[in-house]
Amino acid sequence: MLQDERSKGIAAGIGAYSLWGLLPIYWKLLGEISAGEVLAHRIVWSFLFLILLFWALRKLGTLKEDLRYIKDHPKISAGIMLSAFFISINWILFIWAVAAERVVEVSLGYYINPLINVVLGVLFFKESLSNRQRTAVGLAVCGVLILTISFGQIPYVALALAFSFGMYGLVKKQTQIGAMTGLILETMFLLPPAIVYLLIIHRDLSSILYLPDLSTALLLAGTGAATAVPLLLFGSAARLIPLSLLGFLQYIAPTSMLFLGVLVYGEPFTAAHGAAFAFIWTALLLYSIRPKRKPSAA
């Protein structure tokens, strides 16, 4: 039974990170629409998809209870608003970067995200770093410096993606709200500005609903499922397998993005990229290796 649960958890984790890794393909299909408009549609359709999902799972009552609880705890409301802000920054950067043919830089951002989380732990929770962790962070910094020196600018897209997702995780850790409930509340907070933005760029409600072709309309509507399904798979995996194994599986996503950027979309991968990624992969290897515990004396 436990083996079955582990197998299901591994399958769910692989599914979640594979879908996240393939998201650039989806955003490429919407490349003719501005990143801001795609983001606004993503927020609206994610909210609607999750409402339908809560209804189908008969969890609307639970959602109402959560809303009442959050209403009585302003700090949690503030935390959800803050996490909504960080995830919206992450989403729009991702969408824009894919359209701007910077998928390789997106993959870099998600490779360095675990190391950014280490830095955030030091800054916000005063966590101490082992020598191995310090070395890993130092190697990652060297990788970023190589790209900065080679191309004359900081890889700001990668860093912004890593920091925004890191801050999102940090705030989520403090609010301690379930994945589904958290996402629907975040999209609920983002819904009014998303609708206002769509009204401003389209000037009236009827033109929002008018799209050049059916495929574009379906792709925009599908952003809700594209957002929620990987998250639900991730939530299932997190319950069924150890976090150490889940942490290893997370590299499926940036690796998929890297292959897409270089092999499918023909983005440049120079010697500087190779050196930078080598430093970061070495850093991740150091970060991932757990030191063996010394046997306790009998």
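Think of each number as a place in line: the chain as shown, counted from 1.
Every residue gets a Cβ built from N, Cα and C, even glycine.
Remember, TrEMBL labels are computer predictions, not curated facts.
Residues or ranges marked as domain 'EamA' by TrEMBL: 8-148.
Here the transmembrane segment (9-27) has Cβ contacts under 8 Å with residues 38, 94-95, 98-99, 103, 106, 219, 222-223, 226, 229-231, 233-234, 236-237, 239-241, 245-246, 249-257, 260-261, 265 of the same chain, all six or more residues outside its ends. Look at TrEMBL and you will find 9-27 (among others) tagged as transmembrane segment.
The transmembrane segment annotation in TrEMBL covers 39-57 (among others). Remote same-chain residues near the transmembrane segment (39-57) are listed as 63, 88, 91-92, 95, 180, 183-184, 187-188, 190-191, 194-195, 197-198, 220-228 (criterion: CB distance under 8 Å, separation of at least six residues from the stretch ends).
As annotated by TrEMBL, transmembrane segment applies to 78-96 (among others).
Marked as transmembrane segment by TrEMBL: 108-125 (among others). Listed by sequence, the residues of this chain that lie at least six past the ends of the transmembrane segment (108-125) yet keep a Cβ under 8 A from its Cβ atoms are 133, 136-137, 140, 143-144, 147, 155, 157-163, 165-167, 169-170, 247, 250-251, 253-254, 257, 276-277, 280-281, 283-284, 287.
Annotated transmembrane segment per TrEMBL: 132-148 (among others), in sequence order.
According to TrEMBL, the transmembrane segment annotation covers 183-202 (among others). Long-range contacts of the transmembrane segment (183-202) within the same chain: residues 36-37, 39-41, 43-44, 46-47, 50-51, 54, 63, 66-67, 70, 80-81, 83-84, 87-88, 177, 208, 227-228, 231, each at least 6 residues beyond the stretch ends and with a Cβ under 8 Å from a Cβ of the stretch.
The transmembrane segment annotation in TrEMBL covers 214-233 (among others).
Below 8 angstroms of C-beta separation, residues 9-10, 13-14, 17-18, 20-22, 24-25, 28, 101, 103-104, 106-111, 114, 237-238, 277, 284, 288 of the same chain, each at least six residues beyond the ends of the transmembrane segment (245-265), sit close to that stretch. The transmembrane segment annotation in TrEMBL covers 245-265 (among others).
Here TrEMBL flags 271-289 (among others) as transmembrane segment. Sequence-distant contacts of the transmembrane segment (271-289), counting only residues of its own chain at least 6 positions beyond either end whose CB sits under 8 Å from a CB of the stretch, comprise 104, 108, 111-112, 114-115, 118, 132-133, 135-140, 142-144, 146-147, 150-151, 247-248, 251, 258.
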Residues from the same chain, set at least six apart from the ends of the transmembrane segment (132-148), whose C-beta lies under 8 A from its own: 108, 112, 115, 118-119, 154-155, 158-159, 272-273, 275-280, 282-284, 286-287, 289, 291
Within the domain 'EamA' (8-148), residues counted as helix, strand or coil by DSSP: 123 helix, 0 strand, 18 coil
Model confidence over the domain 'EamA' (8-148) (mean pLDDT, whole number): 90
